[in-house]
Amino acid sequence: MKNIHCINHPLIEHKLGILRAKETKPFQFRMLIDEISSFLLFEASKDFSLKEIEISTPIQKTTVKKLDEKIMICPILRAALGMLESVFKMIPDASVGFLGFVRNEETLKADFYFQKLPKDAKKRTAIVIDPMFATGGTAIDACNFLKSQGVKKIKFISILAAPQGLKKFSQMHDDVEVFVACIDEGLNEKGYIIPGLGDAGDRVFNTL
């Protein structure tokens, strides 16, 4: 699966270990999500195009580079809201396109209930963020929707992923690069990633 990138780094592994622990407090959990998301965004943005502009330093004029792509961050509600701030810190001029999915506990599928994209969404590079990439169903539906709206370039960032979900996603969207911090063992009978870290949304918002 050439479109799947698992980012290996000692600091990511260290932070993941704390993130997984059930004793980790909500404020720590949010901080770790933010930090790991920054690592992943750094990798996902390596091929962003640049343009040269002229500026004046306090000493003289010079040519510098700046992003030449319009970026749209697409958090999948609600857990991905914990990742949003880290992306904003690195790309403050990005627009946000919200995608709302709710998990059906009986079918283990996600129902699409809300979307709000920028008017110029099809002109932007979409960075979809969701901390957990489990069955792949939500990711597939999110990318299906974005493509239906004319979005040409999509990247996906997740903290943890299950191999089953990644394989299923790659069969449907091999043109979408996925960046994850860790690929776990798999899924349990309820469709949760194992060993995982529990329900990311509940841990971010302290609603356990």
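Here the Cβ of each residue, glycine as well, is placed from N, Cα and C on the backbone.
Remember, predicted model here, so these are calculated numbers, not experimental data.
The 5-phospho-alpha-D-ribose 1-diphosphate binding site feature in Swiss-Prot is assigned to ARG78, ARG103, ASP130, PRO131, MET132, PHE133, ALA134, THR135, GLY136, GLY137, THR138, ASP199; the stated evidence is sequence analysis. Look at Swiss-Prot and you will find ILE193, GLY198, ASP199, ALA200 tagged as uracil binding site, backed by sequence analysis.
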I'm trying to understand the geometry here, so how far is the Cα atom of ARG78 (5-phospho-alpha-D-ribose 1-diphosphate binding site) from the Cα atom of GLY198 (uracil binding site), in Å to the nearest whole number? 15
Of all the binding-site residues here, GLY136, GLY198, which one's CB has the most other CB atoms within 10 A? GLY136
ALA200 (uracil binding site) versus ALA134 (5-phospho-alpha-D-ribose 1-diphosphate binding site) - Cα distance in angstrom: 12
Quick one: of the binding-site residues ILE193, GLY198, ALA200, which has its CA closest to the CA of ASP130 (5-phospho-alpha-D-ribose 1-diphosphate binding site)? ALA200
Candidates MET132, GLY136, THR138 (binding-site residues) with Cα within 10 Å of ILE193 (uracil binding site): MET132
Here the Cα-Cα span from ALA200 (uracil binding site) to GLY136 (5-phospho-alpha-D-ribose 1-diphosphate binding site), rounded to a whole number of angstrom, reaches 16
